[in-house]
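Peer 1: Sending over a structure as structure tokens; questions will come in a sec.
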Amino acid sequence: MSPAGEHGTAAPIEILPVAGLPEFRPGDDLGAAVAKAAPWLRDGDVVVVTSKAVSKCEGRLVPAPADPEERDRLRRKLVDEEAVRVLARKGRTLITENRHGLVQAAAGVDGSNVGRDELALLPLDPDASAAALRARLRELLGVEVAVLVTDTMGRAWRNGQTDAAVGAAGLAVLHGYSGAVDQHGNELLVTEVAIADEIAAAADLVKGKLTAMPVAVVRGLSVTDDGSTARQLLRPGTEDLFWLGTAEAIELGRRQAQLLRRSVRRFSAEPVPAELVREAVAEALTAPAPHHTRPVRFVWLQTPAVRTRLLDAMKDKWRADLAGDGRPAESIERRVARGQILYDAPEVVIPMLVPDGAHSYPDAARTDAEHTMFTVAVGAAVQALLVGLAVRGLGSCWIGSTIFAADLVRTELGLPADWEPLGAIAIGYAAEPAGPRGPADPGDLLIRK
């Protein structure tokens, strides 16, 4: 592609340290100090200053106790105050997002390059700080420079830290190549270069961490002021592929597993992978059961003719039962139409209560209690199956119709006489996917004694 479209330059660039700067304190004029130490600034230069220097001048220092444990306790309190959410924890390290949207360790609260009786916070508005320094240098030296405020950050998937821009003024922080064509004729579709971060990292080569050199100048780049700021470098958490740490993502998944289960009544035509159903059934079979038994069987209607024959027979019986109740024809057809979901769903599974291993009692009361216990166990397995399907992205709907036609179901499917159908489960990908529902308010449904 043409050099005019490049974000960098083929010409040499210079990275110049700004020596002779004082130890900054609250209220100091940062712009005046830089102008005095670097009267050689030119139009087009990029002035790169550490956020620590800005924080000191802006009074973002917090008195801290000298005792290491108390100092660390205060640091953690400040992290909680500065952070709007915690993305990840590992040992004593917290990765947080602050109110500006910056994601970094400890919300930018830092105890390096400050007195042992202080802790530093990030500038309240790093973009505004960059703009103010740019304006001050224009006022004092008559030059048009760009300004970056930087901080040190870790990087996903890679060891080590590098400086990145947290505040910017006077340059395009991003350069998009979408639609451009390289020298081999390949169209660049998604490439977008974070120019501000590249400059920040380069400038750190002369600033260092131990040299008391908080300001550097990058010279030789052709920068364009498009009005963008460092905020444009931030991707909102919900749009990021890695917006939670591993442990936090697993915890969220566990918390949402139950809430993902919803009654889905309209499915897409997308086929359901058989292995997903098998995996969900395998998990459902771990549900609690009495006497170490297996009180449930899942009958998977995989043969279309078998499913249709069963549903047609159930429909005829349902019509006859409703007619026997004296219902009008329109009411009967409305009720019968509710079962259409079992015709339309990509997959249907029928849970069966199987009394293998049930204890025998001479009296009806204990016999009924034993049956209830097995019924509860099958219900637990059904719920586990529905949740297992949901966490795999599959929708489902439990329908009780087979309970009302137990003999018919056993006959049509050739099942033993003591197997009891406990509904039917329609399975498929939801036509309109939905996220997890909110939990219910227990209210007076949770009774305390």
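Cβ atoms are placed via backbone N, Cα and C, with glycine included.
Summarising the annotation, Swiss-Prot assigns GTP binding site to Leu21, Pro22, Glu23, Phe24, Ser51, Lys56, Asn113. Residues or ranges marked as divalent metal cation 1 binding site by Swiss-Prot on the basis of sequence analysis: Asp110, Asp151. According to Swiss-Prot, the feature divalent metal cation 2 binding site maps to Thr152, an assignment based on sequence analysis. According to Swiss-Prot, the feature FMN binding site maps to Arg261, Arg262, Ser263, Val264, Arg265, Ala289, Gly400, Arg437. Per Swiss-Prot, coenzyme F420-(gamma-Glu)n binding site is recorded for Asp321, and the stated evidence type is sequence analysis. According to Swiss-Prot, the region 'Coenzyme F420:L-glutamate ligase' annotation covers 1-245, on the basis of sequence analysis. Residues or ranges marked as region 'Dehydro-coenzyme F420-0 reductase' by Swiss-Prot on the basis of sequence analysis: 246-449.
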Peer 1: Using a 10 Å cut-off on CB atoms, tell me which of the binding-site residues Arg262, Arg265, Arg437 is the least crowded.
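Peer 2: Output over binding-site residues Arg262, Arg265, Arg437: least Cβ neighbours within 10 Å is Arg437.
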Peer 1: Looking only at C-alpha atoms, tell me how far Arg265 (FMN binding site) is from Thr152 (divalent metal cation 2 binding site), rounded to the nearest Å.
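Peer 2: Approximately 51 Å lies between the Cα of Arg265 (FMN binding site) and that of Thr152 (divalent metal cation 2 binding site).
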Peer 1: Within 10 Å of its Cβ, which one of these binding-site residues (Lys56, Arg261) has the largest number of other Cβ atoms?
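Peer 2: Of Lys56, Arg261, the one with the most crowded Cβ is Lys56.
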Peer 1: Among Ser51, Asn113, Thr152, all listed as binding-site residues, which has the most CB atoms within 10 Å of its CB?
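Peer 2: The residue with the densest Cβ neighbourhood is Ser51.
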Peer 1: So if I draw a 10 Å sphere around the Cβ of Asp110 (divalent metal cation 1 binding site), how many other Cβ atoms end up inside it?
Peer 2: 21
Peer 1: Where Ser263 (FMN binding site) and Asp151 (divalent metal cation 1 binding site) are concerned, what is their Cα separation in Å, rounded?
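Peer 2: Each residue's Cα considered, Ser263 (FMN binding site) and Asp151 (divalent metal cation 1 binding site) end up 48 Å apart.
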Peer 1: When DSSP is mapped onto helix/strand/coil, what comes out for Ala289 (FMN binding site)?
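Peer 2: SS state of Ala289 (FMN binding site) = coil.
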Peer 1: Around Ala289 (FMN binding site), how many other C-beta atoms are within 10 angstroms of its C-beta?
Peer 2: 19
Peer 1: Please report how many Å separate the Cα atom of Asp151 (divalent metal cation 1 binding site) from that of Ser51 (GTP binding site), as a whole number.
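Peer 2: Here the two Cα atoms are 6 Å apart.
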Peer 1: Least buried of the binding-site residues Leu21, Val264, going by other Cβ atoms within 10 Å?
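Peer 2: With the binding-site residues Leu21, Val264, fewest surrounding Cβ atoms within 10 Å: Leu21.
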Peer 1: Whole-number Å only: compute the distance from the Cα of Pro22 (GTP binding site) to the Cα of Ala289 (FMN binding site).
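Peer 2: Computed Cα spacing between Pro22 (GTP binding site) and Ala289 (FMN binding site) is 74 Å.
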Peer 1: Calculate the distance in Å between the alpha carbons (Cα) of Glu23 (GTP binding site) and Arg262 (FMN binding site), and round it to a whole number.
Peer 2: 61
